[in-house]
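J.: Just passing along the structure, written as C-alpha cells.
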C-alpha cells in the first residue's frame, strides 16, 4: 500500500545553506534536508564542526551496520574475505555462477528495487532557491559507516542541482557550486574534466582510479608551496556524461557505489522549465580500481571533490566541454584545466608534471603529454598488426613531431584525451572574441548555421583551440610538450573502427590546418618576440609543405610503386619474372584503389568489414613486393658498383658513391629509417623499433590508399559517430510550482532504508559479471545536397590533381624509370625520397633541441 504524505520542509534563506554550509547544529532527523552545520576550512586543519557560539563540536561517530559492511570491499585482492553479498565480490567470479543468468537476475532485482522505491517515494514540498531546485541529500548510511571521515558535511551529503539553463547562463541563472560557499572558500588549482559517452565501468574505473592516485600523489608533496597534506582541496574532478539515456548502467552503478550519484532524485522539469543537466556534487573517500576492487584511505586514497554532470540529452563532446569551460570553471576559477577522455589512464604522477609546466613557465597556455598505446599483458596486444602499427605511429609522433613543435612554441594539436590549458589564457576579450569563442563556434553546426568547411574543421576542434591560443591578439602564449607526463589509451583493434576514427582525424586536421595557414597573418598581431615570430614562420612553412605532400600522397605512392616495380621488368635488373609480376601488381593495385573508392562512397566500414580486411591484406602483399623490389634494386646497384670497382681498380667506397641508384635509393631510405632508430635510442625509448617497425612498414600503404580515400570521400559526413537527442523525456517526474509562494512538490525517496537499498543494489550490480552493452544503432538522416556537392568537389579536385601528377611524371621517360646498367635513376623518385629525408632531418634537429632544453630545465 502506498504511503504518501505532505510536509513542508524548511528551505535555507541564503546561498550558503543551499550548499549545505551553514551555522546551524546537526540535529537528528529523517528529513531529506536536515538542519546543517558550517565547515570552517583552515589551511592547517581539516574541516571542523562549530556550534552557534563558535565552539568546536565533538565529532559524532556512527555505529557501523552489521548487516552491510563495505569494509569487506576495501581488502586487497590477495586477502580472502567473504563478501557480504551472498558470495558476490566486487570482482566478478565466473567460476561460481552462470554469467548471463546471474547478471540478468541482478538487473531484474535492480528494476524491482527501483519500482519498490518509486512506490515508497514521498511527496515533499520544497522551496525553490532563486527559482532553482537544489537538494542536499544524505548519502546511504551503509556507505557512510565505512568512511574514515563521517562528520564533515561534504562527506555525509550529496548535493543535487537541476540545471534548467544553458551552460553559458549557469552563473546568470544563480546556480553555483560547493567550493566558493565554504566558510573559507576553497581555491581551485586544478580542475579535471572527464568526458564520457557510453563507456563501461572498467574503462571509467581505469581513468577515475588513476586520477585519484594522481591526487594522492599531490598530497605527498610536502615540500611544495602549493601542494601538501590537504592538496585534495585544491583539485576538483568534473565528470560530464553525454546523455542520460546513453550512459552505461554499470558506470552509473560505479558512481553510486562511491557516493557521487543517487537514483530517484533527478527531475525532468522544474517549474515548467526543461532540465538540461543533472549536477551531483560530493567529496568521495573511496575509489574502485579497474579490477572492481574498492580502495580506501588504507590504500593511499585521499578525499576527492567530484562534480558529476549528467546531461539530459546527447549533444556530443564539444557540448560537454561547453559545460566544463562555461558553466563550472567560471565559478571554480582554476589555474589549470585538464581534459581527459573516459578510458584514458594517466600515469600516477602525470597530472603533477603537466601542472608543473605551467608553474615553471608563465607563458605556457597549453600542454600535453605522451599518449601511449595499451599493449596488453607482456605486450600481447602487439600480436595484432593494427595495434602494433598504431604503437609505432604514436611513438614516432611523440619522439619527433611533438618535440619539434614544442621547440617552436606551437603544437598543432593537443589531444583532447589528455591535455591541459591555463584557464586565464582561454578567456575571451571584452568584445567576446578569443579562444573559447572560436572553440565553441563549432556548436553552431548543431543548428545548421555553419558551413561544411567549418563543420569539417571542427571535427578537430582541439586544433582550432591550439591555433587561437598562440595567435591571441596582444598576447604571447605558447604550447608545450611534457614528455614526463604520459597516459595510456586503447586504440582500435579492428579495421572498421580504425577507418572511422581516422576519417574524423584526417578530415578535421586537414581543414583545421588549412584554416591555420590561411590565418597565419594573425601571428603578427600578437606580442610574441621577433625571434618567436620567425620561428613560427618556419614552422608554418613546414606545415604547408606537409599539407601539400599529404594532398598528393596517393599519387606519389603510385608513382613510387610503378617506378620500382617496372624497374625489375627491365633486362638490366636481371630478374626473369619481373615483367609478369609488374603487370599483375599494377592491375591489382588499380583494382584495389577502385574498390576503395566504391566502398568509401557507398558502404559503411562496419557494413563491409570483410571487404576492408581483404583490401588491407592485399595492400600488405603489394607492400611486401615493393620492399622486395627496393631490396633487389639495391642489391643489383651494389653488385654493379663492386664489379665496376674491380674492373677499374678503384675503391669500393668511391664506386658506391658514384652510383646514382645507391645514393638515391639506399642512402635516402637508410637515412630516414636510421634516424628513426637513432632518435629513439637518444630518447631512451627504442623498443617500438623492434616490436612494431615491421608491421608499420607493411601497413603504411593502408594509410595512403584506404584511410585517405575514405576520409576524402566522406567530407560530407561531419558527425562524431553519435547522434544528438531531439526529444524530451518525462520519466523522472517533474517539480511543479504550487499556486502560492515558491514551493514545488516533488516525489523523492526519504526513508533511510530505501536509500540504503538503492545503494546496496548498485554495488551488487557492479559486482555481477558484465554483459555486452549494445549501443543503439545510429541511423543518420540524409545529408543536405550542399554537403554532398562539397564532397563531390573535394573528391574530384583531389583525384584529378593526383591523376594529372601521375600522368605528367610517367609520360616523361627520363624521370619515370631506373636503369642500373646506365647508372640512372628517376629524378622524381629521387626528389620524393630526399624530401622524406629532409622532413626527417628537420624533425630530428628539433628533437635534439627539445631534449637539450628539457635537460637544462630539469623537466
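Please read every residue number as a count from 1 along the shown chain.
Glycine too: its Cβ is placed from the backbone N, Cα and C atoms.
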J.: Identify the transmembrane segment range according to Swiss-Prot, selecting from 770-790, 833-853.
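T.: Transmembrane segment, as annotated by Swiss-Prot, spans 833-853.
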J.: Select from 594-614, 615-635, 636-656, 699-719 the stretch of residues annotated by Swiss-Prot as transmembrane segment.
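T.: It is 615-635 that Swiss-Prot describes as transmembrane segment.
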J.: Determine whether the transmembrane segment (662-682) and the transmembrane segment (544-564) share at least three Cβ pairs under 8 Å, counting only pairs 6 or more apart in sequence.
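T.: No, the transmembrane segment (662-682) does not contact the transmembrane segment (544-564).
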J.: Find the member of 615-635, 793-813, 833-853 that has more C-beta pairs under 8 Å to the transmembrane segment (544-564) than any other listed stretch.
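T.: The stretch with the most contacts is 793-813.
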J.: Any residues 6+ beyond the ends of the transmembrane segment (833-853) with a Cβ under 8 Å from its own?
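T.: Long-range Cβ neighbours of the transmembrane segment (833-853): 399-401, 403-408, 481, 542, 545-546, 549, 664-665, 668-669, 671-672, 675-676, 678-679, 682-683.
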